[in-house]
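Single-structure report; data block below.
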Amino acid sequence: MATLLTCCLSERDKSQRLTSRDIDRRLNRDRMTFRRTVRILLLGAGESGKSTFLKQMRIIHGVDFDNEDLQEFKSIIYNNIVKGMRVLIDARDKLGIPWGDETNVKDANFVFSFDGNNKLDDHTFLQYVEPMKNLWNDNGIRTAFDRRREFQLGDSLLYFANNLDRIGQLNYIPTKDDILLSRKATKGIIEKILHIRGVPFMFIDVGGQRSQRQKWFQCFEGITSILFLASSSEFDQVLMEDRKTNRMQESCFIFETIINNKSFVNVSVILFLNKMDLLTEKVKAVNISDYFPDFQGDPHNIENVKTFLLRMFDSRRRDKAKPLFHHFTTAIDTKNIERVFRDVRDTILHDNLKSLMLQ
Ligand SMILES: Nc1nc2c(ncn2[C@@H]2O[C@H](COP(=O)(O)OP(=O)(O)OP(=O)(O)O)[C@@H](O)[C@H]2O)c(=O)[nH]1
Ligand SMILES: [Mg+2]
């Protein structure tokens, strides 16, 4: 019958049937890829390190930054440095800190006149380099920098200021470290697919600032795993958004809503207590019990502080039947993230395989 039918079909019908069979095959393949795709959602407050983690995924899995990316990062880095310096100039003034050297006022006025909305090209940036070096050497600016928890300054200015000689060269090209330390707040939803050992992994990066969080729910369906990042060094800082809420409190609050959300009962949520490098430095000088009076132990002992922070997040979970997967991370450190991700990947793939077999 089938043969009879086929022989009665015109050449055109035959080719259309072939095409439709091809489409079916393609759809099936897409469906399989869709089911096999591991979807990892990155969540956490603003500046917790989500986009930095995604940059590491690219670096670790060999998806290099092309020339266009490098130019874009260069512009972001220029902007980070000049804007950061402007913040310090303003803070020195508002905090009433005297200049180390009064003759730096001229340089301060010049740098402060930079319009933050403008994109900096090489030539314009170079004009700011010498004035910024003078300012960075000024005692008044350094005192303002030491009091940075009292205002809003990105975490990477110290690194960039210490590398100003190199970055201020005309033929400057950002290194991997420069890229990892650069900062641009995420707006919207960024999806990036990477093939890791033959398995498609989709990383979904969202903006963590308050205004961005209403977009999160759009990404909640079909998620395999959530990596929740919290910046552990921010226990003495307030939010950029309202300049009064403690950043660590905000982060715990967001974690609480995610971890207890019914949509995620079958999703593994892994907590990353990030910025361990900054936390280790901070606890040497700052007493966490000034901000969290329930802290018990030695406030200058990093292990005591890590245990306290982990318990604080853990205490927000209602369902204690499952253990809380967690890692202490430094997202700018490729080796650290490589090791942590290997562990996370195995856990996720194991869980994913189990659920695929159940389907
Ligand atoms: N020193 C240090 N800096 C880090 C670490 N993780 C991230 N940063 C820096 O912190 C800043 C903010 O990181 P992002 O990755 O942009 O943060 P985000 O969570 O994507 O922020 P939003 O997009 O606003 O939600 C960047 O300048 C990073 O280089 C870390 O472990 N240590
Ligand atoms: Mg981001």
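Keep in mind that glycine also has a Cβ here, set from the backbone N, Cα and C atoms.
In the three-state DSSP reading, Lys184 (GTP binding site) counts as coil. Within the same chain, the residues at least 6 positions away from Lys184 (GTP binding site) whose Cβ sits under 8 Å from its Cβ are Ser51, Ile76, listed in sequence order. Annotation comment: TrEMBL describes 47-52, 155-156, 180-186, 205-209, 274-277, Ala331 as GTP binding site.
Among the features that TrEMBL reports, Mg(2+) binding site is placed at Ser51, Thr186. Taking a C-beta cut-off of under 8 angstroms and a sequence separation of 6 or more, Thr186 (Mg(2+) binding site) has the following same-chain neighbours: Lys50, Ser51, Asp205, Val206, Gly207, Gly208, Gln212.
Mapped onto three states, the DSSP output places Val206 (GTP binding site) in strand. Sequence-distant contacts of Asn274 (GTP binding site), defined as residues of its own chain at least six apart whose C-beta falls under 8 angstroms from its C-beta, comprise Gly44, Ser48, Gly49, Leu229, Ala230, Ser231, Ser232, Thr329, Thr330, Ala331. For the recorded site, Glu47 (GTP binding site), the DSSP three-state label reads coil.
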